[in-house]
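Novice: Below: one structure in structure tokens.
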Amino acid sequence: MALLKNLTSYIRPLASCSTTTPRFLPLTIRRGLGIPPQYLLDDYTPRYALLTSTDAAKKRSLAYTHLSNCNLCPRKCGVNRFETTGHCLIGAETAKVNVIAPHRGEEPCIQGFHGSGSVFFSGCNLRCVFCQNHDIAHKRNGFDLTPEELAEWYMKLQDMGHVHNINLVTPEHVVPQVVLSILAARDMGLRIPIVYNTSSFDSLESLELLDGLVDIYLPDFKVWKSETSKRLLKADDYAETARESIKAMHEQVGDLSFTSDGIAKKGVLLRHLVMPGKEDEGREIMRWLAENVSKDLYVHIMEQYRPDAHVGKKRRVSRKRGTGDGEEEVEEVRYAEINRAVKDKELGSVKEAAVEAGLWRFCEANEKSLFHL
Ligand code: SF4
């Protein structure tokens with residue numbers, strides 16, 4: 001548990017401020033960014049705080065039922081996770097966690113002034129060949145925590161880290177544990193919003209279980225074509241699943257809304273990472289979002305793709321000789337088609353398609369270096 005102990009010492013210096021004076025913390029200033037009135041909230045109470053005790057008990061019981069016949073993601077393994085594991089290789093009693101810490105690498109409206117209370121879960125139900133967190137997602141490095149232990153960490157993030165939200169990163173395969181942890185934290189006094197930070201490879205059953213517990217959905221819509229998702233994400237039905245999931249998320253929480261300090265409290269923040277040579281798919285995604293989800297959807301078109309994980313790795317393969325019989329060994333670069341950064345032209349093309357489709361709420365800095373809300 002060395003890592004978790006280190007995290008405690010990381011959070012502790014902030015904690016000492018909370019009981020005396022907050023003068024060492026950055027002042028919470030109001031950003032004069034002109035939030036459109038329809039997305040401005042006077043105040044906000046997290047959805048989990050409004051659940052009745054009967055609804056909370058039903059969710060607890062449903063979480064255990066799902067674990068004993070797991071259909072919580074589109075892999076639909078149907079296994080009893082108390083006895084064995086499915087495709088994600090994670091059991092029932094605990095979730096594997098790699099890092100828990102206040103995080104300042106998110107969108108300004110999510111990370112705010114004090115950071116987003118991020119919990120990076122290990123393991124994943126996708127196998128993206130370009131995964132930028134592959135040591136966590138593919139190798140499942142981390143510590144096993146029960147839902148109650150997770151809840152205690154949420155409380156530390158809130159009370160000592162003063163974070164703006166609890167940000168559950170890659171939680172699709174541990175939704176029951178997450179549900180139980182939120183309900184436990186609610187009983188311990190949690191009062192900040194829950195962010196569900198997902199690849200969108202979620203099942204509708206899973207999203208139904210989360211309804212009433214999550215305030216902000218942060219779905220990624222990665223690729224549009226099934227041949228691309230089969231090759232690069234190792235899932236044939238990714239786009240179809242993402243379409244269903246994102247619609248269901250939007251039906252639950254609507255468009256992204258903020259309190260007057262510019263911090264997001266409720267709604268959907270959609271991410272799309274533009275991939276090299278895949279700008280046509282990005283354009284298709286933007287059109288679909290505008291026509292089928294909402295033209296008022298808050299969208300972050302991301303440009304930070306870089307080759308990682310399996311991309312660009314060399315391997316030796318056998319190939320038939322051009323003339324005559326026999327084979328020869330040659331070196332090949334894996335996934336060579338995405339072994340480069342994204343060009344400005346590709347990024348611009350996706351942004352242009354988004355505007356043409358009628359989307360207008362983008363996570364990007366304006367001419368005064370202030371972020372649009
Ligand atoms: S979460 Fe998905 S991958 Fe894991 S056991 Fe359940 S259905 Fe299978």
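Quick reminder: no glycine exception, Cβ is built from N, Cα and C everywhere.
Pulled the feature table from TrEMBL, pasting it below:
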- Cys124, Cys128, Cys131: [4Fe-4S] cluster binding site (BINDING)
- 119-288: domain 'Radical SAM core' (DOMAIN)
Novice: In the same chain, outside Cys124, Cys128, Cys131, whose C-beta lies within 8 angstroms of the Cβ mean position for the [4Fe-4S] cluster site?
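Specialist: Once Cys124, Cys128, Cys131 are set aside, the remaining close residues are Leu126, Arg127, Phe130, Asn133, His134, Ala137, His138, Ser199, Leu233, Ala309.
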Novice: Mean pLDDT, the domain 'Radical SAM core' (119-288)?
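Specialist: Result for the domain 'Radical SAM core' (119-288): average pLDDT 96.
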Novice: Suppose we draw a 10 Å sphere around the Cβ of Cys128 ([4Fe-4S] cluster binding site). How many other Cβ atoms does it contain, all chains included?
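Specialist: The answer is 24 other Cβ atoms.
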Novice: Name the residues of the same chain, 6+ apart in sequence, whose Cβ is under 8 Å from the Cβ of Cys131 ([4Fe-4S] cluster binding site)?
Specialist: Cys124, Ala137, His138, Asp308, Ala309
Novice: Ten-angstrom check, please: count other Cβ atoms within 10 Å of the Cβ of Cys124 ([4Fe-4S] cluster binding site), all chains counted.
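Specialist: Within a 10 Å radius of the Cβ of Cys124 ([4Fe-4S] cluster binding site) lie 25 other Cβ atoms.
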Novice: Determine, from DSSP, whether Cys124 ([4Fe-4S] cluster binding site) sits in helix, strand or coil.
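Specialist: Once the DSSP labels are grouped into three classes, Cys124 ([4Fe-4S] cluster binding site) ends up as coil.
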